[in-house]
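**Student:** So TrEMBL says this about it:
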SIGNAL    1-24  signal peptide
DOMAIN    40-267  domain 'Lipid-binding serum glycoprotein N-terminal'
DISULFID  Cys169-Cys210  disulfide bond
DOMAIN    281-488  domain 'Lipid-binding serum glycoprotein C-terminal'
Amino acid sequence: MLWAGGMRPGTFRILLMLTQVSAACEFGPFPYSVTGIVCRMTKPAALLLNQETAQVIRTAFRNARFPNITGERSMRLLGKVAYKLTDIQVNDLSIEQSEVELKENDAIHIAIKNVTAFFKGTLTYGYAGAWFLQLFHSVDFEIESSIDLQINIKLMCQKDQVAADASDCYLTFHKLMLHLHGDKEPGWLKQLFTDFISFTLKFVLKNEVCNEINFLAQVLANFVHDLAANFVQDETIRLDISLASVPLIKANYLESHHKGLVMYKNYSDVFSDSVFSPSLLTESRMLYFWLSEHILNSLASAAFLDKRLVLTIRGEKLQELFEMEDTETQRKAVQMIFQGTSYNDSVAKVWSLAHPQISLQPEGTIVKSLVAVEVSIFPPGEESVMVLYMETEITVTIQAAYAEKKLILHPLDSRIEFKVFECAADPNRNDSSIRNFLQTVISVVGIPEVISRIEPALTSLMNSKGLHLFDIRNPEIITRKGYAIVQLDFSFPNHLLLDFLQKRL
C-alpha cells in the first residue's frame, strides 16, 4: 500500500485556476472588426525568451511543496516493513538544455533536457507486527535524479485576457537513486526502500512539479498582462487591452488581438471597423505592434477632455519665438503686439479648442487641430491686458522614430489657416504684416516648440513604464492608411523575470 499525504495549501488555487482557464471567452463572428491593437512575437523572440525558461523551472522545483510519502509491504520473515519520507525538498538543481517549438494551432512545446535534481529529506522506517505499527529508526536521505521535461503550453482566453495552460506536462526519469546517510543497515535495506518508493516518488515529483509549472505559467501570463495594462495607462486615461479574439499560435509566431478602446471617466469609446489583417505583418523582426488610427484619435480626445492640451510660454521662450529673425518687419510686429512691454511681463497661452483629428497615411501622421493663442501683457502697476487673440486651424505631418531610448517627432510640411484674428494694435485688421509675421512664427518656431515639449514628456512616460530597461534594436515606426506598425528586435532584461519571481513567490 502506497500513498502521498499532506496536500499543500496552494493546490486548491491551482485547481481553481485550471477550472477558470477551461472557460473560453465568447467572440463575435468577425473578431478582427474590433481589433485596435495587435501584438505579434515571432519565433526568434520566443527562442530568446526561452533562455529565461531555466529560471522558471528552477523556481517551480524549489517552490513545489512535496507531500509526505508513506507505505508498507509484507516481507518474508520480517513481517510488514513500513516507511515514511518527510521534509522532501530540492537540495540542488541544474539544467543542461532547453528547446522551444511553436506547433501550428496547438501549443508552445518546450523540451527541457537533462535536469539534474537532488532531493533531500528524512526516511523513517521499521517493522510492524500483526497488531501494531512501530516506527523506530530515522535516517537522512538524498535522492539523485536525472529528468527530461516536456511541456506543452496552450494559449487561450480567460476573463478576456491571455491565459496559459501548461497542464500538459510530462517528466521522464533517466535516473532515480536513493542514498541513505549515516545508516549502518546492510545494503539490502537501501535496495528494499528504493524498490518500494520508486514508483510513488516519480508520481509525486511529476505531479507537484508540473502543478507548480502550470501555476507559474498563469502567473507569468498575468504578469505580462499587468505590465501591458500599466504601460498603456497614464493617470485617468487608459486603454482596454481585453482580447478581441482567441490568441493564435503559428509555426513562426504568436499573435494576440486586443480591443484597445480608450477608457476615460465618462468618455465612451466604440470601435467596430478595424482594417487589421494578419497579412499586414511580416515575420522578419522579433516583435510587432499594430495600432489602429482609431486609438490615436481616441487618445487625443481623452487628452483634450483631460485639459492636457494646454501650453503656457513666457520669458526667454517667448522671446525666442518672437525674435526668431532680426528684421525690420519682425521688430515692428513685436513692438505693435507687446506695446513695449518686457517679455518677462508677458505670457502666451496656447490650447486646443477641440480634440485634434489624427490621420495615419504613408507619408506620416497627419494632425489637424483648431488651436487658440492668447497673448497678454502685464504693464507695471496696471491690470493685465490681452493684446492678441487668434484661432488657427493647423495641419501638420509628423514622422516618428525611436532612437537612443528617446522618442523623436519630426514635423514635415504644415498648413495654417486663421479663423479668428484680433490684435489690439490693429483693431480694424488693416495691417496684414502682423498676421503674416505670426504665420511665419507658428510654422517655423511655434510648431517645433510644441513638439519639443511633447517628445520628452512621452519619452519620460514610456520610461516610467520600464521601456528603457529593454535593449531595443533598429526600431521602425511605419504608418499606412488607417494604421501604424511598430517593429523591432530586442534583448530581454535578464533581471526582470528573476526579480518578478522573487517578489511574487
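Cβ from N, Cα, C; glycine included.
What's the neighbourhood like for these features in this structure?
**Tutor:** A mean pLDDT of 83 is what the model gives for the domain 'Lipid-binding serum glycoprotein N-terminal' (40-267).
Within its own chain, Cys210 (disulfide bond) has Ala166, Ser167, Cys169, Tyr170, Leu171 as residues 6 or more apart in sequence whose C-beta sits under 8 angstroms from its own.
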**Student:** Taking the Cβ of Cys169 (disulfide bond) as centre, how many other Cβ atoms lie within 10 Å?
**Tutor:** 21
